[in-house]
Amino acid sequence: MQIFKSDYFKNMGLGGVRAKVENGERLSFEDGLRLFECPEPLAVGALAHQMRIRLHGDKAFYVVNQHVNYTNICINGCVFCAYQREEGQDGGFVLSKEDVMVKLDGAALTPREVHIVGGCHPKLPLAYFEDILSAIKERYPDVILKCFTAVEIAHFARLEKTTTKDVLSRLKTAGLDMLPGGGAEIFNQSIREQLCPRKSTAEEWLAVHEEAHALDMKTNCTMLFGHIETMEDRVDHLVRLRESQDRGGGYTCFIPLPFLTENSQLSIENPLTGLEELRTIAISRLMLDNIPHIKAYWVMLGVKQAQAALKFGADDFDGTVVEEKIGHEAGATSEQGMTRIELEEMITGCGCTPVERDGFFNEV
Ligand code: SF4
């Protein structure tokens, strides 16, 4: 912070925000808006970097993980989704348990974390998912299974005619360790009705996560930004996540997801600039004072932007991934996967210290 003249933040309208950040005080909704309105994204980034250094020093975490997308058949039809197919449509697929095991057995590195998500398939029973989780745990007992968004959990409950809590308990018994953060999109219901009217509401999404926390499971959380939402919607989303964390405390990591326009039915007049992506990541760090980690998800950001994000408040670089379909169908231009060496080189290349972790962020 020494490189900035003493009145720099004040001149940027951030004097009060800076004082709060330095004193470890919580930022208000209005502070969040002020950060979005600040004419200089670098000032916002500097404050977020200060907070990130206080929390994690120069460490940047990564995990040897593997993504598996079990189906792209989905009944929800979200307008931004380039991944979904209808049942019977060309290009639709459903993996069998054996297909999943072949993917894991073929990985160059045994993953510490397996991330499984897919579309809301109209027919797959809960037993299909229980079988997959049990088979993975049997063969890889130490792996952390981070599977199924809150939207999928709610969908399984509807198909099984039971509660989300019951679904979570059954999947936990089968081996589920934690939930990923997808499906949160943006919480403002009027935006959800335009983007994803058949998807769980914000209240349902938050309730599933809080049920998981009550069952002693960790979860992640996300925000999809850069589509038709306003800056107020972004701040509202972050504040609602922060309040949810105050109630349960089970969120481990927040993942800001920039909207990728390619192959989407949604046309965006002013697509996100790189600096606006970085500003939103920085504001996430500053607003989410009770969520330990902010992810620079290189799959969606691209590797170079993810490196920059490590200087704008993010401290996690995700992982090896191996094969990713959802972001790539939406136009992500990153590689499908990275090796441990490549990840470490990317992290050291921007002046951070790589730290390998497991799915719960324990250093390994
Ligand atoms: S975003 Fe998810 S829930 Fe929505 S259509 Fe795509 S796969 Fe289905």
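The backbone N, Cα and C atoms fix where each Cβ goes, and this holds for glycine too.
Over in TrEMBL, the protein carries these features:
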type	residues	note
BINDING	C74, C78, C81	[4Fe-4S] cluster binding site
DOMAIN	60-289	domain 'Radical SAM core'
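For C78 ([4Fe-4S] cluster binding site), the same-chain residues 6+ apart in sequence whose C-beta sits under 8 angstroms from its C-beta are Q84, E185, L195, C196, R198, K199.
The number of other CB atoms found within 10 A of the CB of C74 ([4Fe-4S] cluster binding site), across every protein chain shown, is 24.
The average pLDDT for the domain 'Radical SAM core' (60-289) in the predicted structure is 95. Cβ neighbour count for C81 ([4Fe-4S] cluster binding site) (all protein chains, 10 Å cutoff from its Cβ): 22. Annotated [4Fe-4S] cluster site C74, C78, C81; additional same-chain residues within 8 Å of its Cβ mean position, judged by their own Cβ, are N76, G77, F80, Y83, Q84, G119, C196, K199.
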